[in-house]
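Peer 1: Have a look at the structure that comes next, please.
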Amino acid sequence: MQVSLRWLKDYVDIDLTPAEVSDRLTMAGLEVDAVREVGPSFSNVVVARIIALRRHPNADKLSLCEVTTGDETLPIVCGAPNIHVGDVVPLARIGAEIPGGYTIKRSKIRGELSEGMLCSEEELGIGEDTTGVMILPPNLPLGEDLADVLDLKDTVFDIGITPNRSDCLSIIGVAREIAAITGKPLKLPEIYVTENAEDIQVSASVQILDPDLCPHYTARMIRDVVVGPSPQWMRLRLEAVGLRSISNVVDVTNFVMMELGQPLHAFDYRFLEEGRIVVRRSTEGEKFISLDEKERVLNANTLMICDGVKPVAIAGIMGGFNSEIKPDTRDILLESAYFAPSSIRRSARDLGMSTDAAFRFERGIDPEGVLRALDRAAQLIAELSGGKICKGRIDEHPKPVETVGEIHLRCRKVNSLLGTNIPAAEMADILRGLGMEVTAKEGTVEEYRIKPPSFRVDIGREIDLVEEIARIHGYDNIPVSLPVGAMEPVPRDRRKILEERLRRHLAGTGFSEVITYSFVSPTAADILALDAGDERRKVVRIKNPLTEDQSVMRTTLIYSLLKVMQENANAGDYDLKIFEIGKIFLQGNTGGLPTEKKRLACLMTGMSDKELWSSGESRLDFYDLKGVVESLFASLNLTGIRYCSDALQAFLHPGRSCGIFIDEKSIGYMGEAHPDVLSRLDMKNRALIFEMDVDAISELFSGSVTYKEFSRYPESSRDVAFVIDQDVEADGMLNIALNAREELLENVCIFDVYAGAGVPEGKKSLGLRFTYRSYSATLTDDEVSRVHSKIVQRIIDQTGARVR
């Protein structure tokens, strides 16, 4: 948000330099991103008075002027029709620079010498009036720099307002912070309304059909306005904060929004059918042309401001083209309302619209500031346009807006948390300076009852008050001290150790950790094609989601990683190896509280070793993923791992996926993402993913490392090719061998899989390599053969295999 220093000084006395203001605001929690000096885009323009005026002898439309700056008199040739002797005007002297890259030079115009130029507002870049020379107030000192006497120079702070501090989305909100920091009083504008037209009830009415989305709507009628340019002081204020001047009526609504933080809207009354305002939801597919002349197609959830026949504004976002203020507007209906933040946030997102009004409404405005802003705007419009304010105002509030009640503050608790010795009286003064009501609690020492102001929607607990006291007292005023007390070593949590080991191993194998939102789209289950009875379809819904795409809690990490892959692919990055350790949230069938479970998920996509000199490019496949899983378990010293192709997931390729088990306990699944899932996300590249239950793994993980002596004697290997049915899993044969519990068997692994010529149809050849080793002596051939024969026979007996 852009904040003008000169505007701030209207409400609080500031004797700090801009740099000091920036530092104090930042230390109080309002981070100033930049400080900019702004001013007019002209130089060497001074105040002068016309002392003589006559017609140019060689041109009918030009005049010869003599102007004085107090120190000298200069001849000027001018073509403006609005100047007279005695007028005080801006004079661009020789060498002056004005907008457009022009430099004023001494010249002869139709034979007459001109030593400068008399300027219009438009030529100086401080207004849009091009009808003639800018006429200045007669009391301005001659010869003085125009930028100085008109206060055209300013300092603008770019402040990053956090979402919880909507009260600071106004000049007065920031001024209140400065007043609290410096101890200076806050000077609020005096608001007075002179009602000198008929009663508003005669001409207008308001009906709210959806009080949940619009609990408060107020309006005033102003007759006989004259729409025209705003005065210079208002144009300068608006331009300093990045707003363009449009007309006096529209500028007032923007001025009050920036001043008080309450968005307003002015309707041309003649275009309001039946003189009515109806606040309702739109109908599905309803069309509306907004002020930017774009046609919007609405859904059934958009709150609209309508007249007796048609919609005239999108509530809290933008007005309609059909009721905008025009140069010939004479009567206006002025709106000030409170709209539900979630409604405005949803509508702005659905329509792809971002406006200053929506930005404030969706963060929460002051519910008690609606009438104040209405009267302030009516006052200014009447003053600047000559309009007459109708008697009374429409004030519909069918549903009260909830505000925070009293909060109990314990001063000792504050000092205990902060490590300070702030006196209770100082705490009370700090909170009063922030607009809070402070009442001492009867019969207690250093305890208060605090009533937060309605504009502080972020304060609801005692700890919030502690934060307010800390930041205004000054974080740099909190003493630094070391904790005192006996500290005993705390045993490390086994699951924390596990998570550290997982992160370290995956990072070491080229994976990058990502942290994604726990909130996902309700369509995630459909995109993943989860079965109707899958518990992951029972989602936990969020009451006030930021967006519809983040309205439910995730039940798997897979969708989140696929979205990361999608975003990277859209940015042109197709080679990706990522992982996440995070929580999922399951609703369950009992209807009670949801359960949280910790999961590990990995995703790989793209090319494998594409820079390897000895081979061409190859895409990552299922076996690359399986290698990652096996190395992960090896790093954790977990054994008994087996893979089962029966435990399939709907979002995985049925022929390239499997479940992961340790002994008989299911701990996850892995495989290639189903092509249909990738198609729903508009992705074509293969994605290899696995997800594991960290909680289940932690039960099997010891957290300690066991060392044993390695064998000093050589190994002996035997290769055997078995012919087995196609549906027999290799993992089962490996487990049969390992479960034989033969002491000499060190390892067994697959070295070949073949199906084709020489192997009967429906069969496959599976080559296994058996490794034998003793810790006491070199094995003889007979010793190896005896054990090897028993293991091979065990495999044959249990699988029906035959040796090829």
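Here the Cβ of each residue, glycine as well, is placed from N, Cα and C on the backbone.
Positions annotated as domain 'tRNA-binding' by Swiss-Prot: 39-147. Per Swiss-Prot, domain 'B5' is recorded for 402-480. Taken from Swiss-Prot, the feature Mg(2+) binding site applies to Asp458, Asp464, Glu467, Glu468. For 711-804, the entry in Swiss-Prot reads domain 'FDX-ACB'.
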Peer 1: If you average pLDDT over the domain 'FDX-ACB' (711-804), what do you get?
Peer 2: 89
Peer 1: Other than Asp458, Asp464, Glu467, Glu468, which residues of the chain come within 8 Å of the Mg(2+) site, judged by Cβ distance to the Cβ centroid of those residues?
Peer 2: Arg456, Ile459, Ile463, Leu465, Val466
Peer 1: Please spell out the DSSP helix, strand and coil residue counts for the domain 'B5' (402-480).
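Peer 2: In the domain 'B5' (402-480), the DSSP-based counts are 33 helix, 13 strand, 33 coil.
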Peer 1: Rank the binding-site residues Asp458, Asp464, Glu467, Glu468 by the number of other Cβ atoms within 10 Å of each Cβ and report the first-ranked residue.
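Peer 2: Of the binding-site residues Asp458, Asp464, Glu467, Glu468, the highest Cβ count within 10 Å belongs to Glu468.
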Peer 1: Sort the residues of the domain 'tRNA-binding' (39-147) into helix, strand and coil with DSSP and give the three counts.
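Peer 2: Once the DSSP states are binned, the domain 'tRNA-binding' (39-147) shows 6 helix, 48 strand, 55 coil.
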